[in-house]
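A.B. asks: Mind looking over this structure? Questions follow.
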Amino acid sequence: MLRVIIVDDEQPAREDLRERLNEEHGIEIVAECSNALEAIPAIQRLQPDVVFLDIQMPRINGLELASMLNPESMPHIVFVTAYDEYAIRAFEEHAFDYLLKPLDHQRLAKTLTRLSRDLIVKNNLHKVIKPILRHIPCSGHNRIFLLKIEEVEYLSSELSGVHVVGTVQSGYTQLSLKTLEEKTPFIRCHRQYMVNTEQLGEIQLMDNGAAEVITRSGKHIPVSRRYLKSLKEKLGIA
């Protein structure tokens with residue numbers, strides 16, 4: 001699943017790109033931002049795979065925004081603009097691609113294919129070398145502590161951080177859901193939730209196509225339609 005953030009100060013441009021991306025399989029738009037001040041914390045918090053970024057924006061333009069990101073951890077940047085004179089500067093700022101407005105469907109499709117291939121390579125590499133956490137560093141009630149992986153029931157992304165809900169105690173961690181997805185055996189069941197399958201009691205299916213995970217202790221965790229199929233596959237019940 002390619003996780004995307006759209007950044008453009010023009011609402012019609014965001015809507016056009018959103019509609020085009022929604023026509024493609026394997027893409028999840030995790031956020032839309034109208035300026036750099038909204039985009040920077042969203043990128044840091046959500047850690048998308050790719051940011052489709054306009055260049056001409058007020059106060060902080062797209063090139064300046066890209067230069068503020070850490071090159072070692074930044075997502076792929078695809079600049080989307082009506083001006084071709086920024087191309088050289090864009091690639092100096094580590095651009096993955098540079099698309100001109102109005103968007104050409106075939107050109108966008110080629111970019112998405114390249115992005116998907118790159119994601120597959122990265123995921124395969126992570127499977128080989130990814131370190132697995134044994135504990136999650138948490139804070140709460142004026143103290144810092146470690147929660148064992150096997151004692152965690154589920155994770156939820158909130159404004160104050162990722163809430164780590166355990167069987168005995170709970171807390172908040174500065175690690176992102178994306179990092180925890182890479183470094184723990186937990187399974188994502190929703191854009192904002194991950195579940196420890198060792199603590200899973202049952203899955204209740206709903207008429208609207210969504211579902212709920214119920215942990216052994218009776219806690220209810222939402223499962224979105226987008227993630228239900230992959231959750232069932234990973235549990236061997238597809």
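A Cβ is built for glycine as well, from the same backbone N, Cα and C atoms used for every other residue.
Quick paste from Swiss-Prot:
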| type | residues | note |
| --- | --- | --- |
| DOMAIN | 3-116 | domain 'Response regulatory' |
| DOMAIN | 136-237 | domain 'HTH LytTR-type' |
| MOD_RES | D54 | 4-aspartylphosphate |
A.B. asks: Summarise the domain 'HTH LytTR-type' (136-237) as counts of helix, strand and coil residues per DSSP.
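C.D. replies: Final tally across the stretch: 23 helix, 50 strand, 29 coil.
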A.B. asks: Let's check the environment of D54 (4-aspartylphosphate): how many other CB atoms sit within 10 Å of its CB?
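C.D. replies: 26, counting other Cβ atoms within 10 Å of D54 (4-aspartylphosphate).
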A.B. asks: Quick one: what's DSSP say for D54 (4-aspartylphosphate), helix, strand or coil?
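C.D. replies: Once the DSSP labels are grouped into three classes, D54 (4-aspartylphosphate) ends up as coil.
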A.B. asks: Across the domain 'Response regulatory' (3-116), what does the pLDDT come to on average, as a whole number?
C.D. replies: 91
